[in-house]
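**Student:** I'd like to ask you about the structure that follows.
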Amino acid sequence: MQDISVRLAERNPKVVFVLGGPGSGKGTQCEKIVQHFGYTHLSAGDLLRAEKNSGSENGIMIQNMMNEGKIVPSEVTVKLLQKAMLESGNDKFLIDGFPRNEENRAAFEAVTKIEPEFVLYFNCSEKEMERRILNRNQGREDDNIETIRKRFKVFLESSLPVIEYYKGKGKVREIDAAKPVEEVFEKVKDIFTPEVQNVEGGCRCCAIL
């Protein structure tokens, strides 16, 4: 059997990294992109949690590391993403909340031999993100001011260098995420629509039903 990296690279998948602080609305926008443009939405956090709960040898290792407060190695997360991409049968992916830091980014490109088409960055002020998280009323224990601010600080320290790296390559598509959901999605559509329609000089209108 071919190495999973080779098998995946042969399919020449289109990968979009989706980044934004907690409460920036990227999850909502990912749902809309999936519906309108046929991408598969992958969350690194969800994949890690699912593997942890599976009872597999890998899952037990992830559970033990989390229990000890250790960070799961980037390669483990990347391999879970690879497996999900290969099993999806699709060739267009939104990878949500990843890479979280430069180590994640370097590991993804080194292991998969894939560079993202671009990074979709939902830029939103800390004040607005705080307001949204506190108002969403999901009963999450981590939805308090102190924890929210810590998460925002981690995002700034870890993820902004990734965004700056891809800005240097001309691969960041930044959106003002403070606007209402539908206004934000209009901007998202402006980014994705040319890529859907301008394929081999034809129009793939059916792809955005």
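Heads up, residue numbers simply count up from 1 along the chain you see.
Each residue, glycine too, has its Cβ placed from N, Cα and C.
Annotated ATP binding site per TrEMBL: Gly23, Ser24, Gly25, Lys26, Gly27, Thr28, Arg136, Lys179, in sequence order. Taken from TrEMBL, the feature ribonucleoside 5'-phosphate binding site applies to Arg49, Lys70, Ile71, Val72, Gly97, Phe98, Pro99, Arg100, Arg140, Arg151. For Asn104, the entry in TrEMBL reads CMP binding site.
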**Student:** How many whole Å apart are the CA atoms of Gly97 (ribonucleoside 5'-phosphate binding site) and Lys26 (ATP binding site)?
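**Tutor:** One finds 9 Å between the Cα atoms of these residues.
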**Student:** Indicate the candidate from Lys26, Arg49, Arg136 with the smallest number of other Cβ atoms within 10 Å of its Cβ, considering only these binding-site residues.
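**Tutor:** Taking Lys26, Arg49, Arg136 as the binding-site residues, the minimal 10 Å Cβ count falls on Arg136.
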**Student:** Around Thr28 (ATP binding site), how many other C-beta atoms are within 10 angstroms of its C-beta?
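**Tutor:** The answer is 13.
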**Student:** Work through the binding-site residues one by one (Ile71, Pro99, Asn104) and name whichever has its CA nearest to the CA of Lys26 (ATP binding site).
**Tutor:** Pro99
**Student:** When you rank Arg49, Ile71, Pro99, Asn104 by Cα distance to Gly25 (ATP binding site), which of the binding-site residues ends up on top as the closest?
**Tutor:** Pro99
**Student:** Quick check: of the binding-site residues listed here (Arg49, Ile71, Pro99, Asn104), which one has the Cα closest to that of Gly23 (ATP binding site)?
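**Tutor:** Answer for the nearest of the binding-site residues: Pro99.
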**Student:** Have a look around Asn104 (CMP binding site) and count the other CB atoms within 10 A of its CB, chains all included.
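**Tutor:** I count 21 other Cβ atoms within 10 Å of it.
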**Student:** Filter the binding-site residues Arg49, Ile71, Pro99, Asn104 down to those whose C-alpha lies within 10 angstroms of the C-alpha of Ser24 (ATP binding site); answer none if the list is empty.
**Tutor:** none
**Student:** Of all the binding-site residues given, Gly23, Gly27, Gly97, which residue's CB has the most CB neighbours within 10 A?
**Tutor:** Gly23
